[in-house]
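*Asks:* The structure under discussion is supplied below as C-alpha cells; questions concerning it will follow.
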C-alpha cells in the first residue's frame, strides 16, 4: 500500500512551470482530485496535506527545501507517521524518458537525479517507488550531425519551461499516471505498473 506520495520540484514562483517541477504538477493534481489543500508544514519542511484518495488515507508532500535536500522533508514525514520506504512513491522528472512517457518502478539508483539521491541517503534505502515523468533530454534538441562532442546544458534545460507541444505530452502522461493511482495506492503496485506501461506511457 502507498501511504505517502511525494512530488519533487523547487520552491518559488520562478520554478513553478519548469521541467524540474513535474513531480509537483502530479501532486497538485492529486490534491485537487481529493479536495485537499497543500499547506506549509514546517515540521515536514514542505507543503503537506492528508488526503482521502480512492478510499484510502494518503499523505501528500511537496518538499520546499530545494531539490538536492528533498530527503530532509521525506524522512521527517516518514518517521513521524512510521511509513516504510516501500510505502512511499516519489514522482519526479526523468531526463531519460521522452515527454509523454511515464514509468513506475521500485528501487534502483538515482540516475543522477539529486532529489532521489538525497532521499535515498536520508532513508538509508533505495527501496521506494518512483514515478518517472519523462521530460526529454537536451541532447535530443541537438541535430544528430552535431551531437558528437556536444555537451548539453542539463541544469539549464531542467530549469526552463517545456515547449507547448512538450507540455501537452507531459500533461497527458501525468493523466495516465493518475489513472493507475487507485491501483497503486491500494498496494497493487505491480499491476499499476503493468497498466501504466501497457497504456503507452
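Yeah, the Cβs are placed from backbone N, Cα and C, and that goes for glycine too.
From Swiss-Prot, for reference:
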| type | residues | note |
| --- | --- | --- |
| SITE | 10 | site 'Discriminates between blocked and unblocked aminoacyl-tRNA' |
| BINDING | 15, 66, 68, 114 | tRNA binding site |
| ACT_SITE | 20 | active site, proton acceptor |
| SITE | 93 | site 'Stabilizes the basic form of H active site to accept a proton' |
*Asks:* Compare all C-alpha positions of 15, 66, 68, 114, the record's tRNA binders, and send over the largest distance in angstrom.
*Replies:* 16
*Asks:* Would you mind reading off the Cα separation of residue 10 (site 'Discriminates between blocked and unblocked aminoacyl-tRNA') from residue 68 (tRNA binding site), to the nearest angstrom?
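*Replies:* About 9 Å separates the two Cα atoms.
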*Asks:* Given the recorded positions 10, 68, 114, which one has the fewest other C-beta atoms within 10 angstroms of its C-beta?
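*Replies:* Looking at the recorded positions 10, 68, 114, the Cβ with the fewest others within 10 Å is that of 68.
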*Asks:* If you measure from the C-alpha of residue 93 (site 'Stabilizes the basic form of H active site to accept a proton'), which of the recorded positions 15, 20, 66 fall inside 10 Å?
*Replies:* 20
*Asks:* Between residue 66 (tRNA binding site) and residue 20 (active site, proton acceptor), how many Å separate their Cα atoms?
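*Replies:* Cα to Cα, residue 66 (tRNA binding site) and residue 20 (active site, proton acceptor) are separated by 11 Å.
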*Asks:* For the recorded tRNA site formed by 15, 66, 68, 114, which further same-chain residues have Cβ atoms within 8 Å of the site's Cβ center?
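*Replies:* The answer, listed by sequence position, is 10, 20, 65, 67, 69, 70, 115.
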*Asks:* Using Cα coordinates, what distance in whole Å links residue 68 (tRNA binding site) and residue 20 (active site, proton acceptor)?
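*Replies:* A Cα-Cα distance of 12 Å.
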*Asks:* Between 20, 93, which of the recorded positions has the fewest other CB atoms within 10 angstroms in the structure shown?
*Replies:* 20
*Asks:* About how far apart, in whole Å, are the alpha carbons (Cα) of residue 114 (tRNA binding site) and residue 20 (active site, proton acceptor)?
*Replies:* 11
*Asks:* When DSSP states are folded down to helix, strand and coil, where does residue 10 (site 'Discriminates between blocked and unblocked aminoacyl-tRNA') land?
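*Replies:* Assignment for residue 10 (site 'Discriminates between blocked and unblocked aminoacyl-tRNA') reads coil.
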*Asks:* Sort out the sequence-distant neighbours of residue 15 (tRNA binding site) for me: same chain, 6+ apart, CB within less than 8 Å of its CB, listed by position.
*Replies:* 9, 21, 159
